[in-house]
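Colleague: For reference, the structure I am asking about is given below.
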Amino acid sequence: MLKSNKVVLIGAGGVGSSFAYALTIDNSLVHELVIIDVNEDKAKGEVMDLNHGQMFLKKNINVLFGTYKDCVNADIVVITAGLNQKPGETRLDLVGKNSKIFKDIITNVVSSGFDGIFVIASNPVDIMTYVTMKYSKFPIHKVIGTGTILDTSRLRYFLSDRFNVNTQNIHSYVMGEHGDSSFVTWDETKIAMKPLSEYLSEGKITELELDEIHKKVVNAAYEVIKLKGATYYAIGLGIKNIVNAIIGDQNIILPISSYINGQYGGLIKDIYIGAPAIVCKEGVKEVLNFKISPKELEKFNNSANQLKSYIDKIEF
């Protein structure tokens, strides 16, 4: 149950600051945003900068610098803290470093008395979401990761550009790891209400083009990192979307890091991985278990096994 429409952000780096900015300019629900960072001056500077723009907002939001004690009455704690992916690194390369950072963060948040919902955006996000669940001992529906929400947004952008159709009218998901082993649910994809299979049969797109689009989705982060050093605007918007879904009790379907324990064929168990789920004020209302093709199911299992191999190395 929501208490105060209060959000605490832990991590004032590029992703956290982009989320905070997105939340302030498109805010109709959150009353208070508290920013915490190990670099206190950075957090204080972000708070000042955001507050100095209050005159230009349709609805003001109380932005404050804080400490872990401020988590006690928060509805949501968003975590973007941790080491960033560097050029040439995969997200999975960050497991050991960020899992240690998370142990300290989660311990401090839980010690405050926080009993709301965690939203995790730090990479590798599926594993960090699992780590959060284990360290916090929170119910699985109250621990959410950004999952493949950004991958899905990238996919819909590329399809929108290819077909000249608004992204809102493209229904397709990226599932699996937020990373190199992800896959697209092509068999379930619809563009402007029309199944993708019809576009293929009509010769309006080819399987080869679809493969190239997926490669662009997978490589997008590497390209952005190479060009500007980090990705943060798009994922900041994605986090804002998840937070609004919770605060606004939207019951919206989002491709988040969902807890899978036997869905999708029964082979994937005890893992957080990108899959569509219904998000509401309680967190995850339901992880969807829709039918995917045998080929897609094999990719899903492979992606889960890859994540599992890294999780098994973490000492809880």
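Cβ atoms here come from the backbone N, Cα and C positions, even for glycine.
Bear in mind that the values here come from a model prediction, so they are computed numbers and not experimental data.
As annotated in Swiss-Prot:
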{"type": "ACT_SITE", "residues": "HIS178", "note": "active site, proton acceptor"}
{"type": "BINDING", "residues": "VAL15, ASP37, LYS42, TYR68, GLY82, LEU83, ALA121, SER122, ASN123, THR146", "note": "NAD(+) binding site"}
{"type": "BINDING", "residues": "GLN85, ARG91, ASN123, PRO124, VAL125, ASP126, ASP151, THR152, SER153, ARG154, THR231", "note": "substrate binding site"}
{"type": "BINDING", "residues": "ARG156, HIS171", "note": "beta-D-fructose 1,6-bisphosphate binding site"}
{"type": "MOD_RES", "residues": "TYR222", "note": "phosphotyrosine"}
Colleague: Nearest to the residue listed as 'phosphotyrosine' by Cα, among ASP151, SER153, HIS171, THR231 (binding-site residues)?
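Modeller: Ranked by Cα distance from the residue listed as 'phosphotyrosine', first place goes to THR231.
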Colleague: At the Cα level, what's the spacing in Å between THR231 (substrate binding site) and ARG156 (beta-D-fructose 1,6-bisphosphate binding site), rounded?
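Modeller: For THR231 (substrate binding site) versus ARG156 (beta-D-fructose 1,6-bisphosphate binding site), the Cα atoms are 18 Å apart.
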Colleague: When DSSP is mapped onto helix/strand/coil, what comes out for HIS171 (beta-D-fructose 1,6-bisphosphate binding site)?
Modeller: strand
Colleague: If one measures from the C-alpha of GLN85 (substrate binding site) to the C-alpha of VAL15 (NAD(+) binding site), what distance in angstrom results, rounded to a whole number?
Modeller: 12
Colleague: Measure from the CA atom of HIS171 (beta-D-fructose 1,6-bisphosphate binding site) to the CA atom of GLY82 (NAD(+) binding site) and give the result in Å, rounded to a whole number.
Modeller: 32
Colleague: Taking only the recorded positions ASP151, HIS171, HIS178, which one has a CA atom nearest to the CA atom of ALA121 (NAD(+) binding site)?
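Modeller: Nearest listed residue in space: HIS178.
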Colleague: Drop a 10 Å sphere on every Cβ of the recorded positions LYS42, HIS178 and tell me which sphere holds the fewest other Cβ atoms.
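Modeller: Output over recorded positions LYS42, HIS178: least Cβ neighbours within 10 Å is LYS42.
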Colleague: My understanding is the cutoff is Cβ-Cβ under 8 Å with a sequence separation of 6 or more in the same chain; which residues meet that for ARG156 (beta-D-fructose 1,6-bisphosphate binding site)?
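Modeller: Spatial neighbours, sequence-distant, of ARG156 (beta-D-fructose 1,6-bisphosphate binding site): THR167, ILE170, SER172.
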Colleague: Reduce the DSSP letter at LYS42 (NAD(+) binding site) to three states and note it down.
Modeller: helix
Colleague: What whole-number value in Å do you get for the largest C-alpha pair distance within VAL15, ASP37, LYS42, TYR68, GLY82, LEU83, ALA121, SER122, ASN123, THR146, the residues recorded as binding NAD(+)?
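Modeller: Comparing all Cα pairs, the maximum is 24 Å.
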Colleague: For the residue listed as 'active site, proton acceptor' and SER153 (substrate binding site), determine the Cα separation and express it in whole Å.
Modeller: 12
Colleague: How many Å lie between the Cα of HIS171 (beta-D-fructose 1,6-bisphosphate binding site) and the Cα of SER153 (substrate binding site)?
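Modeller: A Cα-Cα distance of 10 Å.
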Colleague: Between ASP151, HIS171, which of the binding-site residues has its C-beta surrounded by the fewest other C-beta atoms within 10 Å?
Modeller: HIS171
Colleague: Rounded to a whole angstrom, what is the C-alpha distance between SER153 (substrate binding site) and LYS42 (NAD(+) binding site)?
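Modeller: Just about 29 Å between their Cα atoms.
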